[in-house]
Amino acid sequence: MAQNQRPKTLLDSLGEEIIRILVPVSICMFLVVLLVSILDSNSSASVTSIAAMAYSETSSDSSWDKFLGALLNSLAFVAVVTVVTFILVLLFYLRCTKFLKIYMAFSSFVVLGFMGGEIALFLIENFSVPIDCITFLVLLFNFAVVGVLAVFMSKMAILVTQGYLILIGMLVAYWFTLLPEWTTWVLLVAMALYDLAAVLLPVGPLRLLVELAMSRDEDIPALVYEARPVIHHDSGLGDNTVQRRVWRARSNFRQDSEDNSNLNGNVVSDSNSTVGTVQSSHNGTRIARVEEEQVSERDAELSAPLIDHGRNAQDGMSAERLMLEGMGLGSSGAIKLGLGDFIFYSVLVGRAAMYDFMTVYACYLAIVAGLGITLMLLAFYQKALPALPVSIALGVLFYFLTRFLLDVFIVQCSLNLVMF
Amino acid sequence: MEASQALTNPTPNPNPNPNPNPNNNYASNRNSILSSTPVWPTIDGPLGLSEDESLSYARRFYKFGYALLPWLWAVNCFYFWPVLRHSRSFPSLRPYVVGSAVGFTVFSAILCSWALTFAIGGEHLFGSIWDQLVMYNVADRLGLTGWS
């Protein structure tokens, strides 16, 4: 076929990148729905956790009491998250990055080891798998240690790192679905509002964190999912050219400050060092990258028609901000999504699965639509954006509409043999 | 149409897809006239490590795997798959990756045989100790699934 490469269409370039962020989100949601429907926990096994400390819901309370209790729980949880995020900002400001990394490695070990082990135990008891404790311990130990290594400590295959991030998101999301029902819904709305405030307000902790990281040109230690960058091989420029898209103007992106148990990891620095590695080690490789204050070596072959106007203006453009619990663009141009977003999307869908599969489909479509809208806004505004509000708003809206309107309609139609 | 055009020239322009090995194929095609040595030792291709850095990583993963971590050996083999596949490439890395592969095979053989003996043998083979070792009883005894 012809060697000269026509510029890729919107479908090829943008579509590929969107797919690379949609697929892991969908996989995480699917796994959580699977777990929820298999394990089928009854409501009496409620979780005494930090998210339900103010009020534990019993089925005998009136609706108003439940709502008030849920509101109290959510406010307490959001307060805890705010405090922890401010502590994170403080620690980052005081340059305690070593401590942060160790803390996050420890917390992800706890998540993978203890939560993963517990869910594995649930599954073993459910299916009566005749595994003995020695094998189980060896497998769990392997799983947890390699997970911590993959996410924080060292570079590893991109697939392995991404897989472990999805698993961490799935485990935390499943744990959150064990909360009482009203608390879960109010908590989702509260977290969406918190995300909006923390990212966009100038006093918000996440925005402060991002600005600190950018002013120092460092990476925020955070748990971030970074999609594999789309590499376009332009045959006209030689074999070793790796061109990346310019609309990721920044070399620093950070993500996700999350709830207290899941902070930060340095996937961002991995991608940075990856880019650096590729640049330094291979002579013919030219990578287009626009840095904040100066024009870096750029060769950009811009193939993003959305940002067409920005091709030359990006040089001096102020950096794009990346948001924790939000999305942004990685140093290699890939889209990054904080792990908190994965978790809360999956919590919403998992909770919808506890009612019926119809709500699952409706909420999944709503969340994907919200994510698409957020991506478009990201491309438009070129700054870090919170990824939770739009999707959660659409998801919650669709859940309640489906549950109270569509469900009744479908059930009645089926019962009267009008439509199946 | 653009989309189909992109699909019809795979060789000079491998589609950026989630396939973990696009760049290895690309490099192999490029070098097919010479030897088929890949340029990048890792499975991520140009997104992964260079050869110099890979040495320390391969060595570290190999040594850490001795701490009862066969899965780390497996991940090591996966990560440096081009080293395993092309037998004459990267001579400095090869002993570690091959060692990891051997270690993983041996350890998993032992573990699988033990687990299968335990599962299939059951009470007939072990007697009452089977009930003490099997995981769901251990979990019940220690109350592991009761917390949180």
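Backbone N, Cα and C define each Cβ position, glycine as well.
According to TrEMBL:
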type: TRANSMEM; residues: A:21-39; note: transmembrane segment
type: TRANSMEM; residues: A:67-93; note: transmembrane segment
type: TRANSMEM; residues: A:102-123; note: transmembrane segment
type: TRANSMEM; residues: A:129-152; note: transmembrane segment
type: TRANSMEM; residues: A:157-176; note: transmembrane segment
type: TRANSMEM; residues: A:182-206; note: transmembrane segment
type: REGION; residues: A:256-283; note: region 'Disordered'
type: COMPBIAS; residues: A:260-283; note: compositional bias 'Polar residues'
type: TRANSMEM; residues: A:361-381; note: transmembrane segment
type: TRANSMEM; residues: A:387-406; note: transmembrane segment
The transmembrane segment (A:21-39) in contact with the transmembrane segment (A:387-406), cutoff 8 A, at least 3 CB pairs, sep 6+: no
Contact check, the transmembrane segment (A:387-406) vs the transmembrane segment (A:182-206), 3+ Cβ pairs under 8 Å, seq sep 6+: yes
Recorded stretch that, among A:102-123, A:157-176, A:182-206, A:361-381, has the most CB pairs under 8 Å to the transmembrane segment (A:67-93): A:182-206
Cβ contacts under 8 Å made by the transmembrane segment (A:102-123) with residues that lie 6+ beyond its boundaries: 35, 38-39, 129, 136, 140-141, 143-145, 147-148, 151-153, 164, 167-168, 171-172, 174-175, 221, 223, 261-265
Beyond the flanks of the transmembrane segment (A:157-176) by 6 or more, those residues with Cβ under 8 Å of it: 24, 27-28, 31-32, 35-36, 47, 49, 51, 108, 111-112, 115-116, 119, 146-147, 150-151, 184, 187, 223, 225, 228, 261-262, 267, 270, 339, 342-344, 346-347, 350
